[in-house]
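Chemist: Got a structure for you, questions after.
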Amino acid sequence: MARALMFQGTGSDVGKSLLVAGLARAFADRGLKVRPFKPQNMSNNAAVTADGGEIGRAQALQARAARVPLSVHMNPVLLKPQSEVGAQVVVQGRVVGSAKAAAYQQMKAGLLPSVLESFRRLKTEADLVLVEGAGSASEVNLRANDIANMGFARAADVPVVLIGDIDRGGVIASLVGTKTVLDPADAAMIQGFIVNRFRGDPALFGSGMDLIAGHTGWAALGLVPFYTGAARLPAEDALGVAGPQAPKPGAKVRIAVPILPHVANFDDLDPLDAEPGLEVRRIRPSDVLPTDTDLVLLIGSKATIADLAALRAGGLHHDIQAFARRGGRVLGLCGGYQMMGEHLSDPDGVEGPPGSTEGLGLLKVGTVMTGEKRLVAVTGTSRLGAPFSGYEMHIGATEGADTARPFAELDGAGAEGAVSADGRIMGTYVHGLFGDDRQRAALMGLLGAGPAQVAYEAGVEEALDGLAAHLSAHLDLDRLLSLAR
């Protein structure tokens, strides 16, 4: 049976996901059968598994790095936020309901058996299971019934490596402080630490590594320099998705993307960001739509009606509607497609409080939210004339006159999506479209951006190989492997 090693962090966004991905590729290159595992993830960025389940996108990237198919057991509990205090709960790939934060804390203990079952199943397939924790290991206020960090590590008897991020500052305090606040039995699970995202001369932090080791008693397992190739990998969470974007002076086409509170599957933007000829501008609902916009792209949402209300509250809906009236192009993906219709209805409160609302009125369609979720990989040919591969992940059924002009013909499934009579307004439920080089090239041709210059999926593979080489150069893989049990 496989050995396992868990990577926890001093906080969120310290690089746990990419470290696990890079190590998965590095150990797979050594001939080991590797499986990634994250007991609990919180993300609206999800991937579809072959059996019609869903897991966090970070675990999908890690599975790709390990060169193995996706499995719902790689992320047995996925929380998909629907509000500031509540989330949809997905267990072993299937939606089991929604829960407020306080109720979920009581629910967690009942989920541990499913988590351990998934972990055991992966161990039967692998030589090595690389486990990723969630958030911070030091959130001791949430320790009761924990399944994401030390609660899992102790239940499954998996040794832990703690990761700190020096790029954000305070890494010595964060690592030493974690040891200070942890229960002694939890702290004893930690076998060593890694300092991640270092910039500058490593010799200058040698004494820092010694200080941390001296205060904690943990082994110093490595100082990992900042990996610039990470920008070529899919976004792992929403932190920074609405952050400032550097202008692209050579870009011929500018795409405006409203970033709404419950944005989902935002990695649809990554392939577009990678193209030198496209400038993808994230804008807030309170912003004015830039006058030089060539395309408005409305992306996915975990709470479509609530996000449409946020768009209206900021006033940006007026600009989008005026842009469309002037002949501007608008494309909606999944939740964005639903917003573009004449009305949305959620009679059973699937995404939030029961109710209905007017849509943006850009397409002659309407959507009714239903409890049944469609999770499937798809292939087909779009109205842009190019074939594609992608996936659907949505609730809701959309019907109306404009569906007579579908956005795509899906192989084995028929017509999908809707297009306005003038062809300038389009909506589809398909995610992952623009990760397909053929479809991205077709969009760029339509917008006058020139030919596509990026082989996106090949670039992801190159970045994973580069990450594996980077970690191999700065970490002792044999020592890490010796810690696993």
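Placement of Cβ uses the backbone N, Cα and C atoms for every residue, glycine included.
In case it helps, Swiss-Prot gives these features for our protein:
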DOMAIN    252-439  domain 'GATase cobBQ-type'
ACT_SITE  C334  active site, nucleophile
ACT_SITE  H431  active site
Chemist: Taking 10 A as the limit, how many CB atoms besides its own sit near the CB of H431 (active site)?
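Modeler: H431 (active site) is surrounded by 24 other Cβ atoms within 10 Å.
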Chemist: Would you mind reading off the Cα separation of C334 (active site, nucleophile) from the residue listed as 'active site', to the nearest angstrom?
Modeler: 7
Chemist: If I take every residue in the domain 'GATase cobBQ-type' (252-439) and average their pLDDT values, what number comes out?
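Modeler: Computed over the domain 'GATase cobBQ-type' (252-439), the mean pLDDT is 97 on the 0 to 100 scale.
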Chemist: Validating a neighbour-count step here. Other CB atoms within 10 A of the CB of C334 (active site, nucleophile): how many?
Modeler: 24
Chemist: If you run the three-state DSSP split on C334 (active site, nucleophile), which class comes out?
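Modeler: It is coil.
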